[in-house]
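**Q** So Swiss-Prot has the following annotated:
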- 30-219: domain 'EngB-type G' (DOMAIN)
- 38-45, 63-67, 80-83, 160-163, 197-199: GTP binding site (BINDING)
- Ser45, Thr65: Mg(2+) binding site (BINDING)
Amino acid sequence: MNEETNNEFKKNLEKFKKMAKRGKETKMDKKPQIIVVGRSNVGKSTLVRLITKKDVRVGKKPGVTLKINKYDVGNFILVDLPGFGFMTGLEEKVQNKIKKEIVQYIEDNKDQIVGSIILIDVKAFPGIVERWDSKDEIPIDIEMFEFLEELELNPSIFINKMDKIKKNDQDKTLDKIVAIFGCPAPWRQWINDIITIGILKEGIGLNEVMVKINKNVNEYNRVKNKK
């Protein structure tokens, strides 16, 4: 990484850290938040663009999103967190700092976060898990899911890029994926509850995501209005 690129990454990282630390001070009107998390290049920015209908930078290279991006969608705030995993051009120690800041932001804002969406790539994910298993380590995707569950932040998993696997292999692959997240097969029993499948580049799966978001936001407002 050349000096100019390195300085730009450091600048973005400092902005990210400041936003994460300010957390509660930067909430828009104290509206409920929906966070979007996942590895780099799984379709996070595409999902954000579909929900917000705003021009969101979408890149083919991993690690396009390097800072927290918040979008006011009316009755809730959509928060696009940096992709974890491999990030183009970033040193490992910088990547680890960003991961810590993601966790810090979630912890600082847990009272406002009413739902969380973890995106995964249906074709790439099983191989990622196998590589981590070979090192006797838990993939960060699973750690994040368990972390969000522990905080009761209503995590759901969006399995993206369904067009990348053959139809004959879909049931077997999806059964394997839900089992990895601790949900017994068959995968269909979890559809539109914990699991949503789709092809975001074609907008497939967006309606199901919005149903979940609205359900979580409405429940938050119902409880809040009772107080």
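Glycine residues also receive a Cβ, built from the backbone N, Cα and C atoms like all the rest.
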**Q** So if I draw a 10 Å sphere around the Cβ of Lys67 (GTP binding site), how many other Cβ atoms end up inside it?
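**A** There are 19 such Cβ atoms around Lys67 (GTP binding site).
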**Q** Including all protein chains shown, what's the count of other C-beta atoms within 10 A of the C-beta of Ser45 (Mg(2+) binding site)?
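**A** Other Cβ atoms within 10 Å of Ser45 (Mg(2+) binding site): 21.
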**Q** Looking only at the domain 'EngB-type G' (30-219), what is the model's average confidence as pLDDT?
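**A** Summing pLDDT over the domain 'EngB-type G' (30-219) and dividing by its length gives 89.
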**Q** Quick one: among the binding-site residues Lys44, Lys161, which has the most Cβ atoms sitting within 10 Å of its own Cβ?
**A** Lys44
**Q** Hey, what's the Cβ neighbour count for Ile197 (GTP binding site) at 10 Å?
**A** 20
**Q** Taking DSSP as the reference, which of helix, strand or coil describes Ser45 (Mg(2+) binding site)?
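**A** In three-state terms, Ser45 (Mg(2+) binding site) counts as helix.
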